[in-house]
Structures are given as C-alpha cells and as structure tokens.
Amino acid sequence: MSSLLQGVNLYLIGMMGAGKTTVGQLLAKHLGYGFLDTDSVITQSAGRSINQLFAEEGEAAFRQLESDVLAQVCAYTRLTIATGGGIILRTENWSYLHHGLVVWLDVPVELLYTRLAEDTTRPLLQDADPQGKLRSLLEQRTPLYSQADLKITVREEQTPEDIANRVIEAIPSVLKPQVSQ
Ligand SMILES: Nc1ncnc2c1ncn2[C@@H]1O[C@H](COP(=O)(O)OP(=O)(O)OP(=O)(O)O)[C@@H](O)[C@H]1O
Ligand SMILES: O=C(O)C1=C[C@@H](O)[C@@H](O)[C@H](O)C1
Ligand SMILES: [Mg+2]
C-alpha cells in the first residue's frame with residue numbers, strides 16, 4: 001500500500017469526534033508514515049488550549065492558525081494528518097488538502113454525540129443543545145466534506161482498527177498504480 005501511495009499524504013477530515021485523531025495514528029503506523037494533528041500543532045505552538053484560543057482570540061483567528069499550519073504541513077510527504085473538524089470551511093485550505101489524498105470519516109450525529117457527551121474540549125459544543133449543534137454543523141458541512149476523495153461511513157460497532165483497515169483497503173480504488181514503460 002505504501003508503494004501505491006508513493007509518499008502522498010493522507011488527510012483525514014470529518015466532524016468533531018469522528019475519530020480523525022484516533023484512526024489517523026493507527027493509519028500512520030500501518031503505512032509507516034509520520035503522524036500530525038493540526039489541532040495539536042496549533043495548541044502546542046500557541047501554548048494554549050483550543051477552548052482558550054476560541055475564547056481569547058476568536059474562531060476567525062483560530063481558522064487562520066489552522067490554514068497556516070496546513071500550508072506548512074503540506075510541504076512534507078509520508079504523513080497522515082488528522083485535521084480539525086472545520087478545516088474544510090475555507091476554500092484556500094482545499095488547495096492544500098488536494099495535494100494529498102483526502103479521506104472523510106462520516107459518522108452519524110447520534111454516535112458523535114455519544115462519544116463527545118462528556119467532553120468539554122470542543123468549544124463549538126458548549127451549547128444548550130450540543131446534539132442539535134452537531135446536527136446543524138454536519139448539515140452545513142456535508143457538501144464540503146463530500147469533496148473528499150474517499151468517504152468512509154462509520155458504524156457504531158466498528159473499532160478504530162476496523163476503520164483504519166477499511167481506509168487502507170479503499171485506497172487502491174482512488175489511486176491507480178503507475179504503469180512502467
Ligand atoms: N471507532 C471508534 N469507536 C469508539 N470510540 C471511538 C472511535 N473513534 C474514536 N473514538 C473516541 O471518540 C472520541 C473522539 O475521537 P477523536 O478525538 O479521534 O475525534 P476527532 O475526529 O479527532 O475529533 P476533533 O475534530 O474534535 O479533533 C475519543 O474519545 C475516541 O477515543
Ligand atoms: O469542527 C470544528 O469546527 C472543530 C473541530 C476540532 O477539531 C477543533 O479544530 C475545534 O474544536 C473546531
Ligand atoms: Mg482530533
């Protein structure tokens with residue numbers, strides 16, 4: 001599989017709680033790739049949590065940091081990159097994402113909500129109706145997530161390892177082997 005990918009980066013996109021970070025780490029291991037998480041790069045370099053960045057600088061400033069990180073990351077190869085759930089919002093980010101193979105982890109809202117119900121680290125879910133918020137964000141974002149090269153629909157019983165394996169199995173369907181002359 002690594003030889004088919006030829007070092008092309010894998011970008012995981014999808015909603016908060018979709019499993020981009022969890023599955024991305026497994027995929028990197030399977031592919032012999034490095035792993036990066038844009039949210040972690042941002043929080044480490046800013047020395048602040050995502051909640052703090054949203055509260056102190058605002059969402060727009062966070063989105064700018066996210067674009068800056070993505071622009072830097074795409075200069076490297078052999079990486080699996082877990083992105084933030086909103087990376088798909090800026091058109092300019094797509095010019096970077098399309099340098100690699102983009103995989104959408106599509107997870108039903110009910111499952112996202114179960115996973116994140118106790119989680120306080122996602123500022124956009126600090127809402128009176130977090131499940132409704134997830135539903136409306138997914139509705140707004142679905143046309144953007146749909147621009148991925150690959151869509152992996154996730155069911156409740158699938159473990160992160162199952163999902164990583166499904167991604168690996170699906171890669172050949174979007175990458176044609178190069179024919180040697
Ligand atoms: N297939 C799975 N089965 C069960 N739990 C999972 C699965 N994938 C992820 N989780 C759990 O769901 C939670 C959210 O996963 P994760 O942080 O990987 O999502 P994310 O897509 O990176 O979210 P964000 O966009 O907010 O960074 C974590 O607690 C993780 O352990
Ligand atoms: O879906 C989103 O907009 C977000 C997802 C997270 O990964 C973080 O990037 C942040 O909480 C915003
Ligand atoms: Mg993540």
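Every residue gets a Cβ built from N, Cα and C, even glycine.
The ATP binding site feature in TrEMBL is assigned to Gly17, Ala18, Gly19, Lys20, Thr21, Thr22, Arg122, Gln158. According to TrEMBL, the feature Mg(2+) binding site maps to Thr21. Residues or ranges marked as substrate binding site in TrEMBL: Asp39, Arg63, Gly85, Arg141.
The binding-site residues listed here are Arg63, Arg122, Arg141; among them, Arg122 has the most other Cβ atoms within 10 Å of its own Cβ. A straight line from the CA of Gly19 (ATP binding site) to the CA of Gly85 (substrate binding site) spans 10 Å. Recorded residues Arg63 (substrate binding site) and Arg122 (ATP binding site) have their alpha carbons 14 Å apart, per Cα-Cα distance.
Residues from the binding-site residues list (Gly19, Lys20, Thr21, Asp39, Arg141) with a C-beta closer than 6 Å to any atom of ligand 3: Lys20, Thr21, Asp39. Between Thr21 (ATP binding site) and Asp39 (substrate binding site), the C-alpha separation comes to 9 Å. Highlighted here are the binding-site residues (Ala18, Thr22, Asp39, Gly85, Gln158) whose C-beta falls below 6 Å from ligand 2: Asp39, Gly85, in sequence order.
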